[in-house]
Amino acid sequence: MDALSPKKQPIALYPGTFDPVTLGHLDIIRRGARIFDHLIIAVAENPGKSPLFSSEERASMIRHEISRLENPTKSRIEVIIYNSLLMDCVESQGASVILRGLRAVADFEYEYQMAGMNQQINNKIETVFLMADSVLQPVASRLVKEIAFYNGNITPFVPPYVVQKLQEAVTRKKSFQD
């Protein structure tokens, strides 16, 4: 390749449970889409977790939020659902980068270990970490769900559409518990 010819940016895959998608996730998505030509948001169907929302509901919420982004950003983002080993998903999508967001040191330890395991599986796939915006560092889907369950204010943590969907889901869950 000629030194002056433009280098093609790799395809990146941003995996997660996104139960629900938070402003922190959306920040990583926006920033990742600025860095990579194509960003695939991969919504995990994780048998080890009991999500509040189905994988299709989670993907739908992400698609809704992406539709609100400006072009060309939103045209470079795709949302998929996967239920396989992450590295199999990465390879099947033609991605060469796994994008991950980091909030704190505890995230780093876990993500570093995962990146190491993924490197052992396929050393051609790189993991790129983006630090969470300092305002969004404490935001975690798990905590947002807990706050919503106790009727707390979740508007600083998730977009309005997700607030509505989360309130509906919590109401359904509470009605089943009664």
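Each residue's number is its place along the chain shown, starting with 1.
Using the three backbone atoms N, Cα and C, a Cβ is placed for every residue, glycine included.
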ATP site partner of Thr17, Phe18, His25, Gly101, Leu102, Arg103, Leu136, Gln137, Pro138, Val139, Ala140, Ser141, Arg142 (as recorded in Swiss-Prot), chosen from Glu111, Glu126: Glu111
Proximal residue to Gln137 (ATP binding site) among binding-site residues Lys49, Leu86, Arg100 (C-alpha distance): Arg100
Nearest of the binding-site residues (Lys49, Leu86, Arg100) to Thr17 (ATP binding site), judged by Cα-Cα distance: Lys49
Max CA-CA distance, Å, over listed substrate-binding residues Thr17, Lys49, Leu86, Arg100: 19
Other C-beta atoms that fall within 10 angstroms of the C-beta of Leu102 (ATP binding site): 17
Glu111 (ATP binding site) as reference: those binding-site residues from Lys49, Leu86, Arg100 with C-alpha within 10 Å of it: Arg100
DSSP three-state assignment for Thr17 (ATP binding site): coil
